[in-house]
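The feature active site is assigned by Swiss-Prot to HIS108, with sequence analysis given as support. According to Swiss-Prot, the feature NADP(+) binding site maps to TYR25, GLY26, SER27, GLN28, SER51, SER53, GLY134. Annotation source Swiss-Prot lists Mg(2+) 1 binding site at ASP191, GLU195, citing sequence analysis. Annotation comment: Swiss-Prot describes ASP191, GLU227, GLU231 as Mg(2+) 2 binding site. Swiss-Prot lists SER252 with the feature substrate binding site, giving sequence analysis as the kind of evidence. According to Swiss-Prot, the feature domain 'KARI N-terminal Rossmann' maps to 2-182, an assignment based on sequence analysis. The domain 'KARI C-terminal knotted' annotation in Swiss-Prot covers 183-328, and the record cites sequence analysis as its basis.
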Amino acid sequence: MVEIYYDDDASLDVLADRKVAVIGYGSQGHAHALNLRDSGVDVRVGLPADSRSRARAEEEGLRVLTPAEASAEADIIMLLTPDTTHRTIYAESIAPHLTAGKALAFGHGFNIRYGLIEPPAGVDVFMVAPKGPGHLVRRVFEEGKGVPVLVAVEADASGNALAVALAYAKGIGGTRAGALRTTFTEETETDLFGEQAVLCGGASALVQAGFETLVEAGYTPEVAYFECLHELKLIVDLMYEGGISQMRYSISDTAEYGDVTRGPRVITPAVKAEMRKILDEIRDGAFAREWVAEDDNGRPNFTKLVAEGKQHPIEQVGAKLRPMMSWIA
């Protein structure tokens, strides 16, 4: 069973004499910085001089420096920019100031898991990864609650890395809900698999295939859109709130019977075998190597595939129908 830590298991006193730098001010960066600040932590934000986020961070009362300046000052450096920017930011702005006794932290394990960043000996390396978007992390913190987080320690040079990670998690509100102990490897591999096989890749491909099947059979594209894309949120919300069984309890008997008898015909053993291949590519590093090479080469295939996706008929149909929906238009 997973170890779960709560407020009583963490102490902000661990951070009392430490300076924290949050590098980045996007979805997670702004939530981490503001929550830490409101928890009494000495925090500064690291942003390039030309970053459009500097004004926003300053308006919200935060001290803003360049990533290099923030890293030089800080005892704990949390890197919360997109994965593909980490290597450059680390090499240019963090590594020169990452001396023994400091800690390097992440919100996702990708660059450590695949060896793209190799911190020096004498440095703690940990992860605090909220299981929710930054705006939710900030909002529930202000409500006196928290979003669950994953906590991992990759390097414990000080012998106190877990306590520091838990203190950080408490500072952003994570231990109010619960901090689940994991590893960089587990977090990275499961996160990538979920994105590729289920949440993003799997879901979008399933929706498009269902839409295409109905339209090719002669059904109206607008009705196909409602049945295969629009109503997906209704079902996902039920699953989100109470699990698959609660969703099945909430739908009609006809829908439930179709679920349990036809669903396995869609997700067949062959589909699961392909899922295992995707997982193998994640575990052996093939996906990471492919993505890093694609990014380093200017993203030609990525750009092409995204552009092609935008031309799918379901996008045009959705653009026509969504203005009818006052709650989202």
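All positions are counted from 1 along the displayed chain.
Cβ atoms are placed via backbone N, Cα and C, with glycine included.
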How does the model score the domain 'KARI N-terminal Rossmann' (2-182) in terms of mean pLDDT? 98
In the three-state DSSP scheme, the residue listed as 'substrate binding site' belongs to coil
Sequence-distant neighbours of GLN28 (NADP(+) binding site) in its chain (C-beta under 8 A, six or more apart): LEU80, GLY107, PRO130, PRO133, GLY134, VAL137
Going by C-alpha positions, which of the binding-site residues (TYR25, SER27, SER51, GLU227) is nearest the residue listed as 'substrate binding site'? GLU227
When neighbour density is defined as the number of other C-beta atoms within 10 angstroms of a residue's C-beta, which of the binding-site residues ASP191, GLU231 has the lowest density? GLU231
Looking at the recorded positions GLY26, SER27, SER51, HIS108, GLU231, whose Cα is closest in space to that of ASP191 (Mg(2+) 1 binding site)? HIS108
Tertiary neighbours of SER53 (NADP(+) binding site) (same chain, Cβ under 8 Å, six or more apart): TYR25, GLY26, HIS30, LEU47
Across SER27, SER51, SER252, listed as binding-site residues, the smallest other-CB tally within 10 A is for SER252
Quick note, SER27 (NADP(+) binding site) and GLU227 (Mg(2+) 2 binding site): C-alpha atoms separated, nearest Å, by 31
Around the Cβ of TYR25 (NADP(+) binding site), how many other Cβ atoms lie within 10 Å? Please give the count over every shown protein chain. 27
What is the number of other Cβ atoms found within 10 Å of the Cβ of GLY134 (NADP(+) binding site)? 22
Between GLU227 (Mg(2+) 2 binding site) and GLU195 (Mg(2+) 1 binding site), find the distance joining the two CA atoms and give it rounded to the nearest Å. 23
Close in space, distant in sequence - GLU195 (Mg(2+) 1 binding site), Cβ under 8 Å, 6 or more apart: GLY201
Neighbourhood of the residue listed as 'active site' by C-beta distance under 8 A, where only residues 6 or more apart in the same chain count: ASP83, MET127, ALA129, GLU187, THR188, ASP191
